[in-house]
Structures are given as C-alpha cells and as structure tokens.
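Quick look at what Swiss-Prot lists:
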{"type": "BINDING", "residues": "503-513, 537-539, 656, 726-730, 755-757", "note": "FAD binding site"}
{"type": "BINDING", "residues": "513, 628, 629, 630, 631, 754", "note": "substrate binding site"}
{"type": "MOD_RES", "residues": "175", "note": "N6-acetyllysine"}
{"type": "MOD_RES", "residues": "210", "note": "phosphoserine"}
{"type": "MOD_RES", "residues": "323", "note": "phosphotyrosine"}
{"type": "MOD_RES", "residues": "368", "note": "N6-succinyllysine"}
{"type": "MOD_RES", "residues": "390", "note": "N6-succinyllysine"}
{"type": "MOD_RES", "residues": "765", "note": "N6-acetyllysine"}
C-alpha cells in the first residue's frame, strides 16, 4: 500500500504529548531549512506503529520529517537508546545503504521531555500485511526477493569501515541475546509462563558453535519496517534501528522468517492469512537460498532451529515488555494491551521449533531435474511463457516478417509492427515482464535461463517480454549502480517499456577486443561533462523509442591504473551533438526488429555531471558487472535458437528424398542430427552451470563459467546452423528460410561482448591459477 500519513497516524496520545512550540523553536534554530517558510505552522501526529520508541510525523508547509523519541516514565535498563539509532543511521546513510537521511539529534531532555532525533520523511510503500494484497504474484515475489537481498547487503557491510566503534561486542552475541531477553522478560513479566522459562534454558544450553560471527544486525528486520519504492519492487529505506548492534547475521534472517512458523491460533503480526495460502511468496528455503547466494555462503545453515527458537523467544520478550509499559501507562500504541495474550503462544512455538531439525535447502523436484532445479515460481513462469509463446508469439511470426519485408526501404523499418506492441501489452498484463531482473521478477538466473531459452526460439520474443538486449544490460546497470535521480528518470520508463536504450562501448578506430584502448573522452567542465568520440555497433540506436545512451569513455587520470580511467555516463539521444551516422549490416541483414546496429558520433556533447554513473573511474567495474549476466543471457537465448534450428533441420530431413531415400536415412545426416542434439544438451548444461554459479557465488566468482559458455554456445550453434543449411541445400541460404539470418545472428555472437579469443585467454589464465592453488594445497 502507498504510505498514507493520514491513515498511518493519529492524534498524539495523551501520555506522549509534548510542547510543540518548544520543539518548533529548537528546530528553527538547529535544523537547516526548517524555518524557511515563516508562514507555515508545524503540525505533529503520531504513528500508529512503533510499539517501543514513539514515532511522530512532522509537517511544516511542504516539508515533512519524522521524529523518534524515548518513551516517558520508568524504562528497562539499556533499552530505548535513541542516540544509537541516530548513530547507526548516520553511518549507513554515508555508505549508501537505504535508510532515511538522519538530520539532527538532541540530547537535551528539556526540549520535549526526552532526548530525540529527526530524520527525513521517505515517501514510498509500507506493507503492513505480510501477504501484500492488491499486487500480482510476480510483484509479491519480487518484493520478498528485494527484502532479503537488502538484508544480505546489510550483513555484507564491512563493520570496521562504518565508524561505529564500540557499537556492539559482536562475539558471543547469541549468549548475550538469550541472557538479555531472559532478564528483560523477567523484569516485565506479570505472570508465570513455564514455556518461556523452558525455552530460555534450552537456548542457553544449545548455543551455536559459530557464536563468534559478527556483522551489523538490525534486530527487528521485517516487512513493515521497510519502505519500498512507490512504483518499483525496490527497498528505499529500512526503518527502526533501535535493536541494532554487532551480532550474528542469522538472527536477522530468522526474525524475517518468523511468519513461516506463525501459530495458527494467533493472529498474524501484520494481519493477513497464513503463508500456505499466498501465491508468489517464496518458500522459506528459497528466501534463504537468495540470501546465501548474495552473501556467498552455503545455504545449508547449521543451528537454524536455534535461531528460529531464539527469534520467537525474543518476540515473546518484546510483547511482554510492550504489555508492561501498557500497565504502567506509557505505551506507544493504542492496541498495546493486546500483546498480553501473545507471549505464551510465541514461547510455545519457539519451544516446538527447538525440538525440530529444520532444513534450509530448497526441496528438490524429481531426480531428472535435480541438477539445476528451478524454484517453484520459476517453474510457474516458464509454463506461462511457453503457453504465451505457443498461443500468441509463434502465430505472429508471419505478420512480423511481412511487415519488415514491406517496409524495408522506408523509415518505418526501424519501428515495431503493431502486432509486437499488442503482444507486449498482453505480456505485461499477464505479469510476464522484466523477467531478467531478479529484484523485479523474483527469479534466479537458473530460473531465467530456461525462460530465455524459450524466448530465444523467436527473433522478436525477447522484446515482447521487455527482456531484449541491450536494454536488459542497461537496466541492470541503472538498477545496481544508478542514483535515485537516474533511476527515476531512466530506469522506470525502461522497466515500463516506454523507451529503449543503447549501449555505446565499441569504437571504429581501435581494437575494441581490448576495452582499455578506448578513445572516446568524458571530460569534466564545471557542472557538466563533455563527451567526445565515435562509437559503432551501437545496437538499438535506430529505434524511434531509443531515448538514452549509456556511454563508456575515458576520464583521463595519469596517476591510476588503466582499468581506473574509464567512466560511464548517460547521454540523452536528443542532446545536441549526438549524431546517428549509419546503420551497419550483419552479413547483409539490418536487424530492423531490434533497431539496427549503428555508428554513433558524440561531437562535444555536454551533459550534466549528475549523469555520471557511480563515479569517475568506475566504468570498467560497471562494465564487468553488466556483461556478466548479459553474456549468459545471450547464451541462454542461443540454446533456444539451436532447438529451433534443429527442429527445422529434422523437418527437412523427414520431408525430402535424395538417391531414393529420405535425407535422415543417409548416415551423414543422421549423424548431424545426433551430434546437434548432443551439442545442445552440452551447452544447455554449461549455461545452467554458469547461471547457477552466478546465483550461488555472484558474477565475479562465476567469471570462468561465464567465459566458457560465451565461447562454447555460439560456436556450437554456428555448427548446428551450418549443418541445417547444408541439409537444405541452396534453399538454406535463401530468404525462403530463416537459417541464413539465424546463422548471421549467432556468428555475430562470437564477437559481441568480447571475441572468443579474449575469453579463451581469460579461461586459460584462470585455469592455470586454479591449478597452481591446487598444487600448492597438495604440497
């Protein structure tokens, strides 16, 4: 749901009222910009959520802020440390982690009765109901993927570089948690609950051996503490850092997983039905797999039952504390009295989990598909894509071919025929859109590999699902490295399919197989950058919807390495100085359906400095991140193309006769068919292995697998296409059959994203390094 302040807030509760005029006077003096509108009056309302530290929405004119303060009255020791919240948010904001911008901390209790801090108000979506009603299953899955990826990001931060000295002890975290929450519970208990005592004893006796692991943990990481982008399934702010410290990361992951084991006798924390009744929510094992993949750790987590039991124990302790404050009259929420009845069921659930062995590895399907198993959602989407292709895409091939044949000499040849645009709207309506991007689709690379194979069977199918190159790579760049302004201006319309883009890297006057040869310059000039140089093989530049170019160039700096002199910048195609010189043919084919491949000149093009992506000298780094998944996407589609070619070959071999027998009865043709099937199975497995490596280890660690399939797939498919052409004779190279065009496409892939020879050299280097490490280990 869109965050609605009027619905999320109430009049300040009587026990939390404070002197608003005193606060306003203080903020006028200490918060820059707060008093700029002298006619505006400060209004204060209180958020319904926030059971611990009272949270308030401040509005003054067009300015909006959020204030967090300590609750009044007698408090439990070491609780409600507002200064710690401010400190950790300030540190996280400085490294780009999504938190509201912290603005001011006040330790002077005389201003509003307690210490407090103020942060920016973040406008977005907060989902109070874990089942996330009102969105499609695809969006629901993507929201949960983004949620767990953000948690993995938090746990991957280097705590020593955050400047949070003495923020937490870290080592021995689990033992301290059990001890702390036992004491907190005992200090606030209003009745005896045997399950709490038994669970406390079990936890203390079963502490994990890995209690020395430490990172920054949130302490209360769950769906309704997250602000999502208004339109995208992307986390833009993590809230409520009261319980954060240095500790064991699995405590956060277990807390996020509470709803998977929620007792049916108890209403859900965030309303909603139970997990089994919601389509699109990943299985717990799938969520854990995504988390572990992002952190590069083994998904088979030891002591998972301990962390789940600890989470229920901790939540029961929190519930008891909330009820205790209600009894004392300083509760932060209207419905605090309801928590009294939750303590015992939570404790009993934790006790039950302590006696179970919990698996964190996704369940496997049948033995045949066990090697690279798709997720439940991946299987569902693949089935729907296959059905969509069969019912809508393949039947449209003839109409699309006729359009480009009729418009080959007109400007309309660069546009999509109406049938493709209709198919795109249909695919979007069915949720089969942007499937390549895990944060949007909720799919893994293995999931997408098999989907991309299906779309590779038709020239224009990737466009139908908004999964076409080079837009997929450019959207990946903006998603991973773009600023909020860049995402809003360019990523959002790309994700909607309103515009397309072009990637400008290869140059006509240098050997582009060595990317460091680049001549195109990107030079700073005040508040702008000047882009000057020539690019070619800029795919998609001729599409009338192409509105933005992602340009790689040199920002010269003699004091750094040759891989630190490249930068990447966004250049709107209508900027003065951007010139489309000519389209380039591929074996005579113009590739109209994808907007062609163009030579583009940038003649002293001036763009704002804010168009630079990530920073100066980061271009090569971004390129490697972009090309990793992008390279295997090409290979995934090529497997589908190979299947289509083999189908055409077999049809011909069955229909035609030579020398008194069918073509397939000639041993040489039969062997070609057999060798083609073997080759397809080989490259499919290697493609899936590369996808699996990206899923589990990340793009950097999967470099060798990516390079291997980038060499193997196009080469194998070229051979299959050559055999099919040979089976067709002269017809195979004519316009009557698609084989010549297919061969042109796949032959080009042996050059695109780096030629075979560059990848072979890289593979050899990595193999020698691996062998050297193994030899050293044996010695």
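Positions of Cβ are set from backbone N, Cα and C atoms, glycine also.
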Ask   = What is the interatomic distance between the Cα atoms of residue 210 (phosphoserine) and residue 629 (substrate binding site), given in whole Å?
value = 34
Ask   = What is the number of other Cβ atoms found within 10 Å of the Cβ of residue 512 (FAD binding site)?
value = 18
Nearest of the recorded positions (390, 503, 506, 765) to residue 629 (substrate binding site) - Cα to Cα = 503
Message = In whole Å, how far does the CA atom of residue 513 (substrate binding site) lie from that of residue 506 (FAD binding site)?
response = 8
Key: Rounded Cα separation (Å) that holds between residue 630 (substrate binding site) and residue 503 (FAD binding site)   = 12
Key: Spatial neighbour of residue 756 (FAD binding site) that is closest, considering only the recorded positions 175, 390, 631, 765 and their CA atoms   = 631
Remark   = Rounded to a whole number of Å, the separation of the Cα atoms of residue 726 (FAD binding site) and residue 390 (N6-succinyllysine) comes to 28
Remark   = A correct count of other C-beta atoms within 10 Å of the C-beta of residue 390 (N6-succinyllysine) gives 11
Key: Close recorded positions near residue 754 (substrate binding site), where close means Cα within 10 Å, chosen from 175, 390, 509   = none
Note = residue 629 (substrate binding site) has its Cβ surrounded, within 10 angstroms, by a count of other Cβ atoms equal to 23
Task = Name the one residue among 503, 509, 538, 631, 729 whose Cα is closest in three-dimensional space to that of residue 175 (N6-acetyllysine); these are the binding-site residues.
result = 631
Inquiry  = Using the alpha carbons only, what distance in Å do you get between residue 729 (FAD binding site) and residue 390 (N6-succinyllysine) once rounded?
reply    = 29
Remark   = Between the C-alpha atoms of residue 512 (FAD binding site) and residue 631 (substrate binding site), the distance in angstrom, to the nearest integer, is 17
